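Below you'll find the structure, written out as structure tokens, and then a few comments.
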Number of protein chains: 2
Amino acid sequence: MGTATPPPAQAQQTIEVAEPIESQKRPVKLTGKPELIREFLARFDVFLFDCDGVLWQGDKLLPKVVETLDVLRNRGKQIVFVTNNSTKSREDYKKKLAKLGIQAEIDEIFGSAYSAAIYISRVLCLPPTERVYILGEAGIEAELRSENITFLGGTDPADSGPMTPSDYETFGPDPTVTVVLCGLDRNICYKKLARAYQFLQNPNCRFLATNIDSTFPTHGKLFPGAGSMSAPLTYMLGGRQPVSLGKPSQAMMAAIEGKFRFDKSRTCMVGDRLNTDITFGIEGGLGGTLAVLTGVNKEDDFLKEGAEVVPDAYLEMLGDLAY
Amino acid sequence: MGTATPPPAQAQQTIEVAEPIESQKRPVKLTGKPELIREFLARFDVFLFDCDGVLWQGDKLLPKVVETLDVLRNRGKQIVFVTNNSTKSREDYKKKLAKLGIQAEIDEIFGSAYSAAIYISRVLCLPPTERVYILGEAGIEAELRSENITFLGGTDPADSGPMTPSDYETFGPDPTVTVVLCGLDRNICYKKLARAYQFLQNPNCRFLATNIDSTFPTHGKLFPGAGSMSAPLTYMLGGRQPVSLGKPSQAMMAAIEGKFRFDKSRTCMVGDRLNTDITFGIEGGLGGTLAVLTGVNKEDDFLKEGAEVVPDAYLEMLGDLAY
């Protein structure tokens, strides 16, 4: 048995580092391997970043995130922050980033509320006579406004509170309301669900969602996500699913591409969730995907036998790039 | 071709009426056929009645309903009103029936809120140290109280309104909350959904629903039903379905049987919906099912080729029994 003993781990690692990244088995662990990191970064001009679980956890910035973004910017890489959070507009998000110490331009931010606005104005080309019913918060309203889209619902106080007898009489389809857009709405109520459902009785009314994440992670726990706002409507509509404008939907990729016109083969998606971020990058045909272990998924989720979604490379944490 | 002409419709009908009901092809139309009606009624001692769409539409009593119930009572038939409406307790329902001119005893009423209470107290045998979280209205609270079940949530004002920062901190599983019960809740809100989801993180917590009707018909339209209250939780829980205590779930049949101890073979379910009422009777192995055309389903729904749910007999309207 003595002769079959494998070489010590240290020796193995040295050999790995010497080999070019392409010849290594996916996923390649980059943490602590400067040569591989340099080689990996050189393959891309654009980095799409998921935020929560990658840049921060809850309200805490993760170590060396600012340094890492500086390294990328100094090497001329374009950075885009891509988030499914629909409660914040790009303006709100810029403030949130700044509060955490990350300087960002509005144009570097791409949220699912903005994605939905772009889709409605530039893909659906909604005529000015038609309106969007919002089941969602102020972030969606701000982004629809930025694309000059007329809307109703949302944070309108008339849509909160209990149903009145006249609501039961007057709620119904409206030929001018041709889109129902659902996002995370922490003021969801029966009246909004009832109204959205009535609008969707119009066969010409589209059913959209900023994203369909079932849960919303905060305070170290899971709370209802945007997909749980559209779920009652899907159930009432006999299983009809909304078109999602968030990761991993390629409708979001199309919206990002429409705006930035980047070379996909030289773009890398960075994220913590295999079934949203990494899937988004793989299905979008990006040049690469990079997972970090500071969020939802752990190493074993993609190293295990039969793992369905495997990134090209991974890091213990994003800050490991700024070695 | 002349000799192959079928006999006129009138002649056909006369022949049908003369044949015994058993030898006729299902479903048998009873309207206008006194002999068949007498024969049909003689087969049963107990009639389970769906209410909305059978006895009334919205707030309007259907013709000759009171006379029909009198006919049945005068012939010694036991009557049970079986409703999926969970917003009303049996006491509330008795008042609603009285307001419409129908006299009924509390013990003749079986609603899905009561069904849930019976299930929790007599099937789950919930110990007094364990509690039920209610996502629902006062009818559920009244019925749980009638079975001495401890509960929280429901109409408690602390469970309405926006989430507070401390809610995000404090919400979590609670070993004393071992049942989450969802019914129609016209005051549904994010806080209740979040709390219910957190309780369901306890692997010992059961997930129940008074019923899973996707919609709630009123004012000639459809509004969100009880099943649309549990749908976001099902979505968050990766597809986990609640145990339903309403039609067509046989858990409700078991609860009715536990209370009334009737002979199923001499019991008939009367209803307007094929996928709840008639399915409930067929799957429950009742002696018969009787559809009426004053509610959701129409004649063609069960006469068409390949119809999946076919009642034994049907009437234009319930009042046709009181010929």
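Positions of Cβ are set from backbone N, Cα and C atoms, glycine also.
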Given TrEMBL lists B:ASP50, B:ASP52 for Mg(2+), the same-site residue among B:ASP272, B:ASP300, B:ASP301:
B:ASP272
For the recorded positions B:ASP50, B:ASP52, work out the Cβ neighbour count at 10 Å and name the residue with the minimum.
B:ASP52
Take the mean position of the Cβ atoms of B:ASP50, B:ASP52, B:ASP272, the recorded Mg(2+) site. Which other residues of that chain put their Cβ within 8 Å of it?
B:CYS51, B:GLY53, B:VAL54, B:LEU55, B:GLY271, B:ARG273, B:ASP277, B:VAL292, B:GLY295, B:VAL296
Distance [Cα-Cα, Å, rounded] between B:ASP272 (Mg(2+) binding site) and B:ASP50 (active site, nucleophile):
7
Neighbour count, 10 Å Cβ-Cβ cut-off, for B:ASP272 (Mg(2+) binding site): what number do you get?
26
